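**Q** Just lifted these from TrEMBL, have a look:
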type	residues	note
ACT_SITE	C363	active site, nucleophile
BINDING	T188, W199, S235, H238, R265	FAD binding site
COMPBIAS	476-488	compositional bias 'Polar residues'
DISULFID	C77-C83	disulfide bond
DISULFID	C363-C366	disulfide bond
REGION	476-497	region 'Disordered'
SIGNAL	1-21	signal peptide
TRANSMEM	450-471	transmembrane segment
Amino acid sequence: MRSGVYSSALVVAALWLSAYSFNLKLEDVTCSAVELNDANKGLNDVLSRLTSRSNFFSIFKVDLMKECPFWPDDGMCTSKDSCGVECCGDDEIPVSWRADGEVPIAYMPLTIRNDRRRSGLLTDYPLFARASGEEGCVECKDDPKLDTRVNDEGLFSFRVTDDDVWTIQDCEKKMIYVDLRTNPESYTGYRGDSARKAWTAIYEENCFNFAKNCQGGICDSESCKEERVLFKLISGIHTSITMSIVKEFVAKEDGSLDLDMYLKRVGYFEDRKGNLYFLLALLTRAVAKSVDTLAKFEYSTGDSTNDADTEMILQELWNHPSIKPGCLKTFDETDMFQGLPDLKDEFRRHFRNISSIMDCVGCEKCKLWGKLEFLGLGTALKLLFDSSPQLQRNEIIALFQTLKKTSDSVGLVEKFEHAVLEEKAAEAKRAEDARRREAVKEALLIANKYALPVLASVLVALLTTIGALLLRRQPSGTKKPASTTPKANGSIRRRTE
């Protein structure tokens, strides 16, 4: 009886823990994690179709050859195949997207260009040739306002004073087209000092000048909301990237989920899950707030059939409950930047500095998705906090790709949390079965020690009593002895004679 009660308590505890995970306590948002989960199911379906079927939202322009101005790249990937990026061919780039008078001519793998450049075989990157026949890429001058000096602690110190920009834009002449569908974000094995240094620098840059309790990018409850928001966004992107790795890395051969990596990297940390949900809330709000502006953009690639499909999916997105005006509101941007003067400029400056660190990532595929996601987040911040934002095509692509990646990660967290619940329930059942087997075993031991001797004594006494009763009982069927009394009739006949 007691073991059954204990088992029920374990199952209830497992259910409670899972419910707690799905009902995370979220700060600085206007909805719950449960509401975000419910809204995300339909939203993820629309975004998945948009980013997989639409050419407009799949082809991204980026400069992957931009070197880190702060430290030498010493990162290592386990495989050039996993770290490399495949560029678009001529026929894959929409004609209307090409700069006037420029046609892409060189699409050798970036890893090969890197190797040739380091060996001195390639000193320039002729990604584009002018119509006149002049080869080469026009050099973009480095921003003189970018301070790349290293401070006494070994970390860089830099500022860009252009207060109108949320992210550092790549040099147009050095950018290449990449189809994101053929270069999905995945585990590459990228590691080394530069990989660790990049994330350390990102989190350190989160500390505002006026922060009193900020060490290693960790901001406590006394920090201002703006500082908390910036940290949550950075942590949310970090968690989202981690989930994309977990998804690919932990699948077992039988197709089941291996929860160990998930729990160690995300599942055990309520703040990381909460920050991921916060990121989804802010991105969703940015699109919802600007739906009228976004709906007016011309989503054209020159392929009328594909463009029509894109417009159809976008109409479905504009009418989704989490995007449609007047429905679910996930974040309130109106109470931001109400404190110190120039707080917005400092927030933007910190985010801009963080986004530029993506050029310090040595893995090409990691750099591609890192630059895209920070550009997407910067676009969301522009839509939320700038009065009259002007958007470029690349920013819109990055915004929706980042929203989709975040939506994927939130869905994965929900999937893994369900698996955690099932594992806990199965573990509780296994523990109960083990306790029952132990109880049976214990009962048998008691029987061997006490019950069998007593039963044997009772049985002996019973047999003795039965034997005594059988001895006292007279046997049936024994004949009586012959009578000596003379028969009456015979005597009469002899006297008569």
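Keep in mind that glycine also has a Cβ here, set from the backbone N, Cα and C atoms.
Map the listed features onto the structure and describe their local environment.
**A** Within 10 Å of the C-beta atom of W199 (FAD binding site) sit 15 other C-beta atoms, taking all shown protein chains into account.
Cβ neighbour count for C83 (disulfide bond) (all protein chains, 10 Å cutoff from its Cβ): 22.
Taking the Cβ of C366 (disulfide bond) as centre and 10 Å as the limit, one finds 23 other Cβ atoms among all the protein chains shown.
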**Q** Compare the C-alpha of C363 (active site, nucleophile) with the C-alpha of each of the recorded positions C83, T188, W199, S235, R265, and give the closest one.
**A** C83
**Q** Hey, what's the Cβ neighbour count for R265 (FAD binding site) at 10 Å?
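**A** By my count, 17.
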**Q** Sorry to bug you, but what's the C-alpha spacing from C83 (disulfide bond) to W199 (FAD binding site), rounded to the closest Å?
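**A** Just about 18 Å between their Cα atoms.
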**Q** What is the one among the binding-site residues T188, S235 whose Cβ has the most other Cβ atoms less than or equal to 10 Å away?
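**A** That would be S235, with the highest Cβ count within 10 Å.
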**Q** So which recorded positions are near C366 (disulfide bond), with CA atoms within 10 Å, out of C83, T188, S235, H238, R265?
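**A** So the list is C83, T188.
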**Q** Look at the recorded positions H238, C363 and tell me which residue has the greatest number of other C-beta atoms within 10 angstroms of its C-beta.
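**A** Result of the Cβ crowding comparison: C363.
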